[in-house]
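> Input: one structure, supplied below.
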Amino acid sequence: MSEAIIVTRGVEVTLGGNPVLQGVDLEVAHGEIVAVTGPNGVGKSTLLRCLAGLRTADAGEVAVLGGPPRDEPAFWREVALVADEPAWYPGLTVREHLELMAAVHAGPRMDIGEALESFGLASRADAVPPALSTGQRQRLLLAMTLLRPSRVLLLDEPERGLDAEFRRRLAEILTDYAAEGGTVVMATHDPGLAEAARSRRVALADGRAETTV
Amino acid sequence: MSSAAEIRGFVRSRSRRPRSWTDLYSTGLGLAVVAAMLSQPASALLAAIARQADPSRMGAGVALVMLAGTGFLAAARAIGPVTLPPADAAWLLLSPLDRRAVLRGPSGVLLAISAVAGAVLGVGLLAVLGTPDHTGVRLAAAMLLGVAAATGGMAAAVLAQASQTWNTWAGPAIAVAAALAVAVALLGSGAGRRLLAAAASAPPAAGAVLAAMAAALAGLLVRRARRVLDRIPAGTLLDASVGRGHAAGAAVAVEPGSLTWSAEDAHWRGRTLRSRRWPALPAPMAPAWQDWRRLGRRPGRLAVLFATAALPALIARTGGGVLEGMTAAGVKGASGLAGTPGLLGVSLTVGLMLVGGLAAAAASTSGARRDGDNPALARLLAVGPRRILAARALLPGLLGGAWLVAVLAGLTVTGALPAGPWWLLGAAAAPALAAGALRMARRRPVDHAMPVIDTPMGAMPTGVLVWALTGVDLVVLGCLPLAAALLFQPAALGGFLAAQALSGAAVLSVSVLREGRRRRDPL
């Protein structure tokens with residue numbers, strides 16, 4: 001196996017007195033896609049927040065790119081997170097959001113037109129995010145995330161609001177990202193997406209992680 | 001099919017206990033207490049308006065009353081004006097019930113609110129113009145005129161909600177009214193002074209005729225508005241009612257911050273924009289450019305912002321024309337604020353200037369506010385928080401500083417302040433205004449876990465107080481030299497100017513340097 005980009009050892013997290021993660025061990029290699037699955041409330045998002053440095057584990061170790069994750073710009077220049085939060089500025093169009101991302105990050109992975117086409121947003125390029133549907137806003141967030149360069153992608157239910165056709169397209173986009181050397185960890189409820197992205201499935205159950213496929 | 005009244009009665013019978021005599025007693029007692037509380041200030045006001053007014057102050061005063069009326073109607077249009085409680089909007093609006101009957105209650109409330117507001121405006125107008133004789137007749141005519149103007153304006157706003165033609169004209173009409181108020185303010189101290197003085201000393205019968213004509217016109221408008229109630233599109237009513245629901249939710253949870261995003265999203269949702277190329281700027285300026293672009297897309301807001309810069313000069317003129325500092329002749333020998341109405345005036349003007357400057361600066365901090373509330377995009381951008389904060393301080397500093405410069409220049413030109421380069425103090429205060437506005441934009445939600453303290457004025461929730469003062473604190477601290485200069489009004493401003501430049505820069509620098517120590521997400 002190639003070098004491990006993400007390593008967790010015995011990660012434990014308790015939320016409101018409820019033990020959510022009880023010794024999660026996980027290793028994700030360079031260029032690998034891992035799909036974390038499991039029912040609601042099992043701790044998928046909590047695990048992703050630990051990997052993103054947004055939550056400190058009560059016990060255990062977390063290492064991303066060789067060090068503990070930190071909510072700092074240097075970390076976010078290497079790691080991109082997609083979660084369920086509004087990620088747009090008021091008064092800017094879809095195209096301007098993508099241009100902003102390209103202006104801030106040197107060496108974007110694709111040009112603006114390509115991103116609009118690839119994420120099915122070309123016809124909505126002049127729309128503002130509040131005028132988009134839930135699925136289109138999710139496409140915009142994914143487009144901004146995948147436009148910028150990164151080494152690790154953390155995706156919390158990326159299929160949220162997306163139609164079946166675009167989920168297949170998303171699987172291709174993620175596969176291409178991994179083929180370029182990126183590492184992906186996504187929490188998902190869509191086995192089809194996990195399979196189409198040729199990911200390694202890790203099921204969370206009883207606070208522990210177990211590789212299933 | 002049941003009527004709207006029967007449905008409302010059914011809902012009321014399930015949601016409230018039956019009314020008893022104690023409810024009537026409580027309501028009656030409450031009204032009596034309110035009447036008793038208002039009687040003293042009302043009689044004092046009536047005694048105060050029975051005088052010959054100073055013609056030099058009339059223009060500014062009439063302009064302020066006109067601006068208040070225009071602001072009232074603009075606010076009514078922004079709210080709806082016809083809205084329903086969210087539950088009624090969800091259950092009754094889209095039902096087969098008679099739309100006019102469903103809207104009867106809210107429209108009645110609108111009429112009552114505009115009548116009260118109009119009466120207050122009428123009394124305000126009379127207070128400005130004065131009553132040389134026949135106080136009772138003039139007061140009645142002024143109140144009738146005010147009520148007619150407000151109810152007529154509100155009826156026009158309702159018509160604008162129902163008809164696209166009226167809607168097209170409503171915005172320009174409000175803008176013309178505001179421009180007219182500015183013209184009255186400008187001409188009132190010069191060419192228009194005689195006209196205003198003539199209007200003030202006109203026989204009471206002339207005022208009564210004018211009020212009667214206005215009332216007749218308002219009556220026609222109200223009648224027409226009642227007829228078109230059922231033609232207001234359901235979508236328009238639903239949008240307005242959702243906004244009202246957000247406002248009510250924000251008020252109940254004492255969380256005003258939640259209201260701003262829903263208003264912001266609603267504004268942009270209805271706009272058609274054209275993408276423009278993002279300028280090639282260095283990393284921290286590129287995200288900060290969002291606020292510049294957003295502001296450029298709201299020129300009306302910018303125009304209103306700078307129009308309000310005339311208010312302090314108008315208020316100063318209404319209050320006497322000169323801001324008397326602590327060294328002014330009128331203050332010598334007096335002790336304390338109570339004995340120095342001039343000092344009270346200057347203190348109020350300083351407060352208004354700082355709050356206004358902060359509001360002007362805060363008009364361009366949506367990016368910082370978004371990053372504070374939802375840092376997802378800030379994480380994707382991955383720019384250092386200090387660098388981005390410094391870049392984001394540029395626009396609010398420019399806006400707040402320009403607003404203060406305009407205010408101080410206005411006060412100097414109108415003679416409210418002695419001659420001197422006062423406007424420079426406004427420019428020097430810009431960094432402090434930017435620091436305060438950015439601190440306000442990034443404040444946490446109200447902490448309801450903070451203690452409630454008992455004060456002579458009642459219980460005070462400290463969480464709300466801390467929330468409200470966050471941002472204002474930095475502005476007050478950073479603008480102390482400006483406030484002191486206005487209070488003491490020294491012959492030479494050099495020292496105060498240097499101190500202001502220093503304190504403004506210091507407050508902003510500390511604010512930016514501390515940013516690196518903030519955690520974006522406490523979880």
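Glycine too: its Cβ is placed from the backbone N, Cα and C atoms.
Annotations in TrEMBL come from automatic prediction, not curation.
The following feature annotations were taken from TrEMBL:
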- B:21-38: transmembrane segment (TRANSMEM)
- B:58-76: transmembrane segment (TRANSMEM)
- B:109-129: transmembrane segment (TRANSMEM)
- B:141-162: transmembrane segment (TRANSMEM)
- B:169-189: transmembrane segment (TRANSMEM)
- B:195-222: transmembrane segment (TRANSMEM)
- B:302-323: transmembrane segment (TRANSMEM)
- B:343-368: transmembrane segment (TRANSMEM)
- B:389-410: transmembrane segment (TRANSMEM)
- B:422-441: transmembrane segment (TRANSMEM)
- B:462-487: transmembrane segment (TRANSMEM)
- B:493-513: transmembrane segment (TRANSMEM)
> By a Cβ-Cβ criterion of under 8 Å, what residues six or more beyond either terminus of the transmembrane segment (B:141-162) are in contact with it?
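Sequence-remote neighbours of the transmembrane segment (B:141-162) are 69, 72-73, 76-77, 80-82, 107, 110-111, 113-115, 117-126, 129, 169-170, 173, 204, 207-208, 210-212, 214-215, 217-218, 221-222, 224-225, 228-229, 231-233, 236, 240.
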> Answer with yes or no whether the transmembrane segment (B:462-487) touches the transmembrane segment (B:169-189) by the criterion of at least three Cβ pairs under 8 A, sequence separation 6 or more.
no
> Would you kindly list the residues that approach the transmembrane segment (B:109-129) from elsewhere in its chain, counting only those six or more residues past its ends and only Cβ-Cβ distances under 8 Å?
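Counting only partners 6 or more residues beyond its ends, the transmembrane segment (B:109-129) has Cβ contacts under 8 Å with 45, 48-49, 53, 57-58, 61-62, 64-65, 68-69, 72, 76, 81-82, 138-139, 142-151, 153-154, 158, 196, 199-200, 222, 318.
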> Same chain only, please: residues at least 6 beyond the ends of the transmembrane segment (B:195-222) with a C-beta under 8 Å from a C-beta of the stretch. Say none if there are none.
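Distant Cβ neighbours of the transmembrane segment (B:195-222) are 53, 55, 58-59, 62, 111, 129-130, 132-134, 137-138, 140-142, 144-145, 147-149, 151-152, 155-156, 159, 184, 188.
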> Short question: which residues 6 or more past the ends of the transmembrane segment (B:389-410) have a Cβ under 8 Å from it?
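Long-range Cβ neighbours of the transmembrane segment (B:389-410): 284-285, 287-288, 291-292, 295, 305-306, 308-310, 312-313, 353, 356-358, 360-365, 367-368, 417, 422-423, 425-427, 429-431, 433-435, 437-438, 482, 508, 511-512, 515.
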> Do any residues, 6 or more residues outside the transmembrane segment (B:462-487), come within under 8 Å Cβ-to-Cβ of it, and if so which ones?
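Non-local partners: 254, 323, 325-326, 343, 346-347, 349-350, 353-355, 357-358, 362, 404, 417, 422, 425-426, 428-429, 431-433, 435-441, 443-453, 493, 496-497, 499-500, 503-504, 506-508, 511.
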